[in-house]
Amino acid sequence: MAEASRWHLGGTPKHKLHYREDVEIRTTLQELLLYSIFLINLCILTFGMVNPHMYYLNKVMSSLFLDTSVAGEERTNFKSIRSITDFWKFMEGPLLDGLYWDSWYNNENLYDLKNSSRIYYENILLGLPRVRQLKVRNGTCKVHSFFRSLMDECYDKYTSKNEDTADFGLKQHTEWKYSSPRTNSPWHWGFVGVYQNGGYIFTLSKSKSETLNKFINLRMNSWITRGTRVIFIDFSVYNANVNLFCIIRLVAEFPATGGILTSWQFYSVKLLRYVSFYDYFIASCEIIFCIFIIVFTIQEIKKLKEFKFAYFKSIWNWLELLLLVLCFSTVFFSLYSNMQIYRMIGRLLRNTEKYSDFYFLAYWHIYYNNIIAITIFFAWIKIFKFISFNKTMSQLSSTLSRCIKDIIGFAIMFFIIFFAYAQLGFLVFGSQVDDFSTFQNAIFTQFRIVLGDFNFAGIQQANRILGPIYFITFIFFVFFVLLNMFLAIINDTYSEVKADYSIGRRPDFQLGKMIKKSYNNALEKLKLKKPETDEDKKRENKDLAEKARREGFDEKEIQSAEQMKKWKERLEKKYYSTEIQDDYQTVTQQEFRDLFLYAVELEKELHYVSLKLNRVMRKVSALQ
């Protein structure tokens, strides 16, 4: 009989189960500590890549080339260009003044101007700026027969098929002759098209006067034609004070509708990554990051061999795989960008009489930044894997996992209505309101409306009847009905989870208890906290009894409550302890007797509460 009581019906001894649970908790704790070190290392690595001077360098350069107005015309700058005349005024005015800094403010020469210009006296202009144009051929679209007598030329929007590659104008220099694009150059995504490299290209001179004469010559000989679809102005600067490159691209698109749309890109990047002692510290963090990747990869391979296809049933395992893929992608992009930088930067800096194409290097560096930003995002999300040691966080995860089916059903209904309104807004207001100019813009505009950011005046002006109807019905159905349904789903599920936790149907928080116990033990050893004794518990019970007497409870009720509390503590110690309890554990006669007495006392208390409620209800009925 004693032997049977030591063994569960499953055949596993209690002490082995307890040992196995202890090992599992300690393994989880070690995994949490190891991952915390990895996350701290990754944070140091990512924040070490970002320099606050990047923002200020971008701001200085953008204000110089975007906000500087043409002399005598305060309203004409790069942002406000709307015609070819405005474009040439910018080229011959603010652009030249921004690129060529001939002397100090008192006309004193501080450096050798033959080497290169220094924008704001601190930023070295690398190589020569480049201007590039892409055109389309005549006849790439058809003119309706009604208008052929008035117009026989037709220039469609830019595509690689419609691109004009024939020489034009003076046909003497590179600006009049087509240059084929390089295969490794990235394409540019503009407002009205996607543009490849190549085209009609010329570089500026190191002399401001020569460059001005060049612009005048191009303007007088009509370098910009009806077939022009985009002009790029590319150049790069380097600031040695903060070890940053700023790659600048100014874009003027000439859509088929006429006019000009301007856009710009300012990329401040740290291409020379290892210069200071802090940079070498970041390099050591990168090595540690690679070691962590190898360790995590080995762990996942072991799990995959152990669980096989069951491994893919856990969402956390999918997150682990995604994180590993992102980490390996980060390492690949880092190695590739560094190889390209060290392979090309020397050659680009030596050719000071040509255009230095740092845009390609900045392009890959920006991709590397984006990948590592996504990596650290999912690295933080993985923290939720270890939230089971906290009751509140466990309630959150339980709520989300329990209501996921309801949320999916709600999402289907929500997006049906949402996309219906988006298409309505696009068709009704798309030709007059910028926020609805495309279907994608209409979708994001509706999300902004939900958040309270909207332009009702523009909608009403576009259509005085359908505009208010669209706005009011959208706010009513999406904001007042659907969003409140979503909140109701979350709220009801959270109430169910909280009720389950209150009656004991909850996961065990062994890891949290172990952390709390270790923390208390450490405080006691450091003599920062006194250990809890039986005298403290008796004193606490005595204080509770005195408080109950002051509130009007008699001695019999107090003794009954104390007896129930002792039974509850004894039963919880037996059945809700941190040790693993088997579903088929045998119950002794004494344990059954304690449970029975506890149930009887609970029945008495419920009967007493029921009598009081009936008494209150009769008094309420008598008052009515």
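Just so you know, glycine gets a Cβ as well, placed from its N, Cα and C.
According to TrEMBL, the protein has these features:
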- 32-51: transmembrane segment (TRANSMEM)
- 77-272: domain 'Polycystin' (DOMAIN)
- Cys141-Cys154: disulfide bond (DISULFID)
- 230-252: transmembrane segment (TRANSMEM)
- 273-497: domain 'Polycystin cation channel PKD1/PKD2' (DOMAIN)
- 277-298: transmembrane segment (TRANSMEM)
- 318-336: transmembrane segment (TRANSMEM)
- 366-387: transmembrane segment (TRANSMEM)
- 407-429: transmembrane segment (TRANSMEM)
- 469-490: transmembrane segment (TRANSMEM)
- 530-557: region 'Disordered' (REGION)
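Against the transmembrane segment (318-336), the recorded stretches 230-252, 277-298, 366-387, 469-490 differ in Cβ pairs under 8 Å, and the greatest number is found for 366-387. Of all the disulfide-bonded residues listed here (Cys141, Cys154), the one with the fewest other CB atoms within 10 A of its own CB is Cys141. Among the listed stretches 230-252, 277-298, 366-387, 407-429, the one sharing the most Cβ pairs under 8 Å with the transmembrane segment (32-51) is 277-298. The list of residues near the transmembrane segment (277-298) in space but at least 6 beyond its ends in sequence, with Cβ under 8 angstroms from a Cβ of it, reads 34, 38, 41-42, 44-45, 48-49, 320, 323-324, 327-328, 331, 334.
Long-range contacts of the transmembrane segment (407-429) within its own chain (CB-CB distance under 8 A, at least 6 residues past either end) are made by residues 435-436, 438-439, 441-443, 445-446, 458-459, 462-463, 466-467, 470, 474, 477-478, 482, 485-486, 489.
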